[in-house]
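Heads up: the structure comes next, in structure tokens.
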């Protein structure tokens with residue numbers, strides 16, 4: 001008869017296990033392990049010795065409030081000769097004696113979350129189980145250590161903003177291993193409406209990253225639930241802060257977790273995406289933030305964006321359809337056993353609340369290949385994402401008498417889809433993962449499959465008159481500069497035209513602001529083959545007070561041919577360049593040694609800067625805190641704003657020190673410095 005082991009105490013070996021499971025950056029105070037991989041617990045016996053074949057130990061694991069063997073949220077098992085990685089199992093790995101080294105393994109499809117382990121008659125152990133992209137049996141398995149270092153372990157990164165002609169790399173501190181962040185991520189799962197309605201079913205659903213990704217897409221925004229972030233796309237940030245003020249996810253997730261799950265105010269698309277990336281990586285799902293330039297927001301699912309301009313070429317809001325200057329979402333890596341073979345890998349998932357999916361503000365996950373192939377019936381939300389990168393744009397002029405007519409305009413959506421490269425701060429263009437080359441047979445086949453008739457029927461015509469917008473080489477905030485409407489007559493006849501050339505401030509999601517400069521030329525004469533460049537002066541004194549925090553100006557040039565009554569429109573967004581933040585590290589960067597960063601920004605404006613403030617954060621650099629340094633003095637034009645920041649790195653490796661500068665006239669300028677910390 002087998003003798004049950006009597007356990008006096010146990011040691012969870014958190015430091016060893018967490019390091020072995022690549023979770024040690026979360027800390028070693030609690031046991032955090034990955035599914036499908038054994039972990040070790042040392043048992044100290046009250047009496048007797050462990051004898052192979054003569055000792056027994058019953059173990060039970062449970063997760064969620066309604067554990068069930070049927071749904072995989074409960075399992076009972078005993079000791080076996082060796083570990084079976086396909087199911088819950090335990091084996092003794094130590095020789096006979098008073099101390100028993102117990103190896104325990106979960107199946108690679110076990111639900112993630114908080115688990116309870118009962119050891120025999122008395123011992124209760126709690127641990128956290130995460131997805132395991134290092135395990136070949138896990139559906140999030142990724143077979144490249146370099147990619148895993150980037151998409152799971154990297155705590156900082158680059159998010160692309162700006163415009164497709166001027167991409168702005170913005171640093172972000174994901175901070176998924178900072179103190180308290182994993183607890184906040186698990187709480188997100190526990191507060192989701194599906195869990196509150198049916199906690200047993202939800203706990204079981206967490207075995208599936210498709211399900212969890214969909215939950216995260218809904219819970220990062222607060223539109224239907226006790227989600228993390230409240231979106232705001234106006235300049236009114238009363239009761240919160242501008243989305244541009246955030247430098248990372250840590251403060252956002254902590255604020256939500258410590259304030260009774262009240263939504264953090266405010267977020268916009270890159271903030272929603274960055275927080276979703278932090279949570280996905282914290283849970284063990286490989287994840288990256290991507291940016292789609294000229295991103296279409298198709299509200300009626302007809303794959304057409306209709307835009308209207310007045311007789312001065314100024315856009316008027318007549319439709320809910322929009323083209324965002326850029327839009328960010330995330331991609332999570334997993335297999336898709338619910339779809340036919342060939343659709344594994346990166347899946348687009350969008351936490352920004354735009355349109356409802358199955359009654360909830362969420363989007364995805366949808367395989368990138370489904371978007372590329374035009375498979376719009378595949379789960380989830382393929383038509384919306386397909387339109388973001390492929391929609392056709394029709395532009396109409398609305399005349400004063402109420403009539404409308406289509407005008408000739410070339411606007412493309414889905415440009416320069418970008419993400420940070422693996423292992424470096426360079427940009428990787430991933431447009432080819434979403435779409436075939438324009439005009440290719442494969443593109444036509446995808447559009448046919450998607451029933452995208454507008455694109456199929458569109459003819460590329462070489463119009464007799466051409467209009468384009470050219471810009472100066474440098475457009476720095478604080479400077480005056482010229483932009484140009486370039487008009488070309490490709491016809492054999494002389495042309496007489498009207499040219500309306502205007503500029504307005506615009507937010508990144510396409511909401512128009514005030515006028516920044518305007519010119520109306522009633523008699524532009526063009527000889528056959530002639531090209532004319534018409535300048536428009538952009539004066540700081542004119543645009544300064546109208547700019548949004550996005551530093552964007554929309555240029556529009558409308559050409560009216562008096563002879564044919566045809567209208568031609570060119571539109572271009574320009575980004576005004578912020579000054580560079582320079583970061584100099586003083587001293588040799590080493591673990592647990594105090595460092596000094598000297599941070600400098602030169603005032604590029606023709607006016608003084610007041611209320612200047614630098615804020616700094618970095619994972620494993622600033623102790624999970626935000627360091628703030630305010631300047632008491634005014635910074636005159638051309639002078640430097642300079643501070644010294646003191647911090648103590650806690651772990652070796654390359655880390656980003658992320659910097660934000662704010663003042664009365666120059667808002668939320670971003671910068672960073674990669675710091676390589678030695679042991």
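Keep in mind that glycine also has a Cβ here, set from the backbone N, Cα and C atoms.
As annotated by TrEMBL, active site applies to 269 (among others).
Other Cβ atoms within 10 Å of the Cβ of residue 327 (active site), summed over all protein chains shown, number 26. The annotation active site is assigned in TrEMBL to 327 (among others).
Sequence-distant contacts (6 or more apart, same chain, Cβ under 8 Å) of residue 350 (active site) comprise 217, 273, 329, 330, 362, 363, 364, 381, 385. Among the features that TrEMBL reports, active site is placed at 350 (among others).
Of all the Cβ atoms in the protein chains shown, 24 others lie within 10 Å of the Cβ of residue 390 (Ca(2+) binding site). Under the heading Ca(2+) binding site, TrEMBL lists 390, 392, 438, 443.
Marked as domain 'Transglutaminase-like' by TrEMBL: 261-353.
Annotation: 327 are the recorded positions among 327, 392, 438 whose CA atoms are within 10 angstroms of the CA of residue 269 (active site).
The average pLDDT computed over the domain 'Transglutaminase-like' (261-353) stands at 92. If you count neighbouring Cβ atoms within 10 Å for each of the binding-site residues 392, 438, 443, the highest count belongs to 392. Residue 327 (active site) is 17 Å away from residue 392 (Ca(2+) binding site) when you measure Cα to Cα. Geometry remark: residue 390 (Ca(2+) binding site) versus residue 327 (active site), CA distance 14 Å.
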